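In TrEMBL this protein carries:
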ACT_SITE  Thr15  active site, O-isoaspartyl threonine intermediate
ACT_SITE  Thr92  active site
BINDING   Ser61, Thr92, Asp93  substrate binding site
DOMAIN    6-193  domain 'L-asparaginase N-terminal'
DOMAIN    213-328  domain 'Asparaginase/glutaminase C-terminal'
Amino acid sequence: MSDRKRIYVAYVGGTIGMKSTESGYAPVPGHLTEQVRDNPQLHTAEVPELSICEYAPLLDSANALPADWLRIARDIATRRQHYDGFVVLHGTDTMAYTASALAFLLRGLDKPVVVTGSQIPLGVLRSDGRQNLLTAVLVAARDDVREVCLVFGSHILRGCRTVKSSASGFEAFASPNLPPLGMAGVQIQVDESRLLGHASGAVGLPMDLDAPVNLLRVYPGMPAGLLEAAMAPPARGLIVEGYGAGTLPTHDAALLRTLAAGAERGVVVGVVSQCVDGRVDLNAYATSQPLIEAGAVGGLDMTTEAAYAKLVVLLSEGHDPDEVRRLFASDLAGELTV
Ligand code: ASN
C-alpha cells in the first residue's frame, strides 16, 4: 500500500468550481472534478491522494443554510476513520459561517478539516483557486493540525475566528482577534503553539440543525418593531450586534420593553460587537444594562459569524437555556479568549 496521505475533498459549491453563465458565475456539476483531474500538479507524489465528492446541488454559498453545515459535518464524521484529513471547497460569501459551524459541530474530531475556495474560478485566467486548493490539501495532510482551519491566499486561520474581509482581494479572510495559525509563503509554516491540542476523536452530531436564531445589527434610530420581530416566536435565540463593548440605544422605552418580553419567553440573547477588533464587556457601560437584565450573554471577542453558528448549534443540541448561556460564553473550539 502507498504511504501517501488520503484526503477527502467535499466540493460544496462556490466560485472555485463555477463557470460563466448568462446571469453571472454559477456552479456547474462536474466542472471542478474535471479541472482537478486535468491539473498535473495535483497528481504528483508530493501531493496526497485526493477523493473528490461533488455535492448536489452545488451552492453559491449565498444559498447555504445551517442544514448544509450539518450535511458537511455528517459527511466528514462518517468518513473520519478512512481519511487523514478533509478539505471543504466552499463559496467565500458565507465561508466564515460554515467554517465556524464545522468547528463547533466537529469539536471532538482529531483530524484536520480545511475550508477554502477562490475569488476566480479554477478554469479562468489568474485563478487563485489552484494555489488555495493546493495549500489546503497540504495543510489537511499535516499531523499537527487537529482543528477546522480556513486557508485563503497566504493565510492559514482558525476557522471559527474568521471573517470575509475583502470582496475582491486574494487575501480575502482575516481573523481579527487571533493571529494566523500559519502562513503559506515559500514554505508552509504553522505555529504549533497556536494550534488546538488533541481532541477525543468522538463526534456527536444533532439530528437537525434547525434552531431558529436571528441576527440583528443595532443602528441609530432602529425601531423597536425590528427587535420585536427578531425575538418573536419561533425564535429561540438572538445574536445582537451591538456597538463597541456591547451597548445599544437605551433611550427608547419600547425597545427595552421588547427586549424584556423576549427574555421572559426564554429567548437566549448573545451579544457581539460591530467592531471587528476587541471584545464585548457588558459591565462597562450603563447602555448595556438592559441586555444584562434580559439575561444576555456577552460573546467576548467572538466574531458575529461564530456567535451565530454557535447559538444555532447549541440550541439544536437540545441544552436548556441556562446551559446554552453557559456554553455560549465558554471556549468550545478556540473561538473566544476567556
Ligand atoms: N458568491 C460566491 C460564493 O460565495 C463567491 C465566491 O465563492 N468567491 O459562492
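Cβ coordinates come from backbone N, Cα and C, glycine included.
Annotations in TrEMBL come from automatic prediction, not curation.
Distribution of TrEMBL features across the structure.
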residue : record                                            : DSSP class
Thr15   : active site, O-isoaspartyl threonine intermediate : helix
Ser61   : substrate binding site                            : helix
Thr92   : active site                                       : coil
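Each of the active-site residues Thr15, Thr92 was scored by other CB atoms within 10 A of its CB, and the lowest score goes to Thr92. Cα separation, Ser61 (substrate binding site) to Thr92 (active site), rounded: 7 Å.
Remark: of the binding-site residues Ser61, Asp93, the most isolated position is Asp93 (fewest other Cβ atoms within 10 Å of its Cβ). Distance from the CA of Thr15 (active site, O-isoaspartyl threonine intermediate) to the CA of Asp93 (substrate binding site) is 10 Å. Taken residue by residue, the domain 'Asparaginase/glutaminase C-terminal' (213-328) breaks down under DSSP into 49 helix, 21 strand, 46 coil.
Put simply, the residue listed as 'active site' is 8 Å from Thr15 (active site, O-isoaspartyl threonine intermediate) when counted between their Cα atoms.
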